[in-house]
Structure formats: C-alpha cells, structure tokens
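J.: Here you go, one structure.
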Amino acid sequence: MDPTLLVPIPDPIQVPWGWFQGLLSLTFVVHILLVNIALGGALAALSATWCKHECTEPVGKDISVKLPTIIALAVNFGVAPLLFLQTLYGHLFYVSDILMGWWWLVVPFLIIVAYYAAYLFDFQFDGLGSLRGLVIGFCALILLLVGFLFSNNISLLGNPVQWPQYFTAEGGTFLNFGDPTLIPRYLHFVLASLAVGGLVTALHWQRPSKQAEPLAEWYVDQGMKWFFRGTVAQLVVGPWFLLGFGHDVILQFMGHSGLATALFLASLMGALMCLHAGFFKQPRQGAFYLVCTVATMTGVREFARIGTMDPYFKATSLEVTGQYSPMIMFVVALVVGLGLMAYILKLAAKARKEG
C-alpha cells in the first residue's frame, strides 16, 4: 500500500509555519529539561534508596521533597510544545494517536499514578521505611513507560511508511518497533535523564546552604560522575540513533544543509564540553553546557523529523490565512503566565525557606 494515500489533508495555519516551529523548539527545550530532571531525580532517589546506607538517605529525602513539583512543572510545560506540534503536524499526530490505541489512552492515567507515587514518597518518606525503594521504583518505572510511549508516538508521527501495519496488527493497535530509530531514540532520552539527574544533584549539594553538610562534597562528586557517565553513554547511542534515519536525512548533517550541519557540530561540541565539566567536577559550567547542548540537539531533532517526513508532508507547504491576532494574544498570555509562574515559585521558595 502507498503510505502517501493514508496521510490526511492538513488544516490551514494562521501565520507562517516558522513562527510555530520556533515556538515548538523553544518550549520543547524547557519541557524536556524538566522531564529529564523528573526522571533523573526519580532514578537518583531509587539509587540512593537501594544503597540502604545512612550517607545516601539525605539525597533521597531532598529529592522526595522536590519531585512532585518537578513532575507538575514538566507536565504543565509540556502543554505548549504539544499544542505547537498539533498545529503543524496535527493531521499526522492524531493518526499516530489512533494507531497506538489504548497504549496512548492510558498515558494520562500513568502520569497521575506516577504523580501520586511521588507524593507518597514525599509525605510518607520516614514512615515508608523499607518500602521507600518500592514506591520510588514504581514511580520511576511509570515515568520510563510514559517516556517510551511518547517516543513511540513521535516515531509513528514521522513515519507514515509504518502505518499500513495497522491493518495486520492484532487488536487494531501496535507499537512502532519496525522503526530502527525507536529504541536508540528512547535510550538517548533515558541516558540524558540519568546525566541530568546527576547534574541537578551536584548543583543542589553545591549550594552555599548545603556546603556545610559533612558529605556535601561527596554528593557533588557522585552527581558529576552520573553526569559524566550518562553523557558518555549518550555519545555511544547517538551514532546508532543517527544511522537509523534514511540516507538523505543523514546527509543533511554531513554538509548538504549548512544550518543542519552547524547545529549537529554545535551539539557535538556541547556534549564534549559537558564531558569536560563532568570530568573536572564543574556543576555550574556543566549546567550551562547542558542547556546549550539540548537547544542545539533540539534543532538537530527537528531537521531529522522534517527530513524523514519530506516524502509525505512539508510544513512549508501549509496554507497560511494571515490571522495574526490569535498569535499576538497567545504571546501576551504566555508572557503573563510565565511571570505569574515565576512569582508563585518565588513565593513557594520563600515559604519553604521560612518553614
């Protein structure tokens, strides 16, 4: 079956596609960093709990207090990139939702369950005793599953050639294991979360208020080891991920597209700088290099998606109606909303400090 026959006709958009693409990339960077912190924090807490040693208990305790808030922020900051994705690729995204069927329908419930588990780990930390590992392990497992389902959806969205499998799939739903990029895509995300979890742990214990703690330096050292090792592992998985794309997509990053090649080289340089910061135990520099690397890798990711979908759909071909007022209203609401969120977080931090 010709997969192009299965691609729906897209709806018009209000303003040129570049506006939506830029906002999609910008908001996704914030979202994925928060997701990495949430999953990485859960895995770090699980590791600290498994050690069953008094010296690691403060790490688990500190993470337990912050994890519910981080999960909530990750979910809320995921709304904007999801909306921009639906605006540009909605006709493809809804198809991938339907093809996944109940796998996709269960995602909101899984997130709620993980959220409750994080709260249980926080409020009952002392009372859970030996059950702490079970609770935070369950939370981490759910977050890992949600990440895999999202990776699968994005994989299906960009690969209409896989859609005809639906007609032979038992139960009328399937996961896109036929895509060679699915597994490395997911592993790259998980390893990034491990690295970010270690970095955030190091940043937390390097704060002036924590430096007086007896084992603060050791916690920073362990966190940066996680950051270094996670980054090394990503550099191993990265080529596997890249080689899973088609020949034409790979050539974009080998000089056929100046911007794509520049972003690819910048992301490699950023990863090397992250390794440098991790090896020499420099959390603040590592955080700066991490944000830069994630930003450039997001650009690489977008070029890969555009190149993969090129035979079936081009965002540049979308009809533009020229209705700018909704975009202006959105930008105003976004700025006001971010300001309010910053104010609320400031109040929360002040209240926690006074408490």
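Just so you know, glycine gets a Cβ as well, placed from its N, Cα and C.
It should be emphasised that the depicted structure is a prediction, and the values quoted were computed from it without experimental measurement.
I grabbed these lines from TrEMBL:
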TRANSMEM  20-46  transmembrane segment
TRANSMEM  67-89  transmembrane segment
TRANSMEM  101-121  transmembrane segment
TRANSMEM  133-151  transmembrane segment
TRANSMEM  186-205  transmembrane segment
TRANSMEM  226-246  transmembrane segment
TRANSMEM  258-280  transmembrane segment
TRANSMEM  287-304  transmembrane segment
TRANSMEM  324-345  transmembrane segment
J.: Which bits of the chain, at least 6 residues beyond where the transmembrane segment (133-151) starts or stops, bring a Cβ under 8 A of a Cβ in it?
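T.: Residues packing against the transmembrane segment (133-151) from afar: 35, 38-39, 42-43, 45-46, 49-50, 60, 64, 67, 100, 103-104, 106-107, 110-111, 113-114, 117-118, 120-121, 124, 182, 185-186, 189-190, 193.
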J.: Are the transmembrane segment (287-304) and the transmembrane segment (258-280) close enough to be called in contact, which here means at least 3 C-beta pairs under 8 A that are separated by 6 or more residues?
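T.: The answer is yes, given that the two segments have at least 3 Cβ pairs within the 8 Å cut-off.
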J.: Among 20-46, 67-89, 258-280, 324-345, which stretch has the highest count of C-beta pairs below 8 Å with the transmembrane segment (101-121)?
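T.: Comparing 20-46, 67-89, 258-280, 324-345 against the transmembrane segment (101-121), the winner is 67-89.
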J.: Six or more residues beyond either end and a Cβ under 8 Å away: which residues meet both conditions relative to the transmembrane segment (67-89)?
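T.: For the transmembrane segment (67-89), the sequence-distant neighbours (Cβ-Cβ under 8 Å, at least 6 residues beyond its ends) are 13, 17, 20-21, 23-24, 27-28, 30-31, 34-35, 37-38, 41-42, 45, 111, 114-115, 118-119, 121-122, 139, 157, 309, 313, 315, 318, 334, 348.
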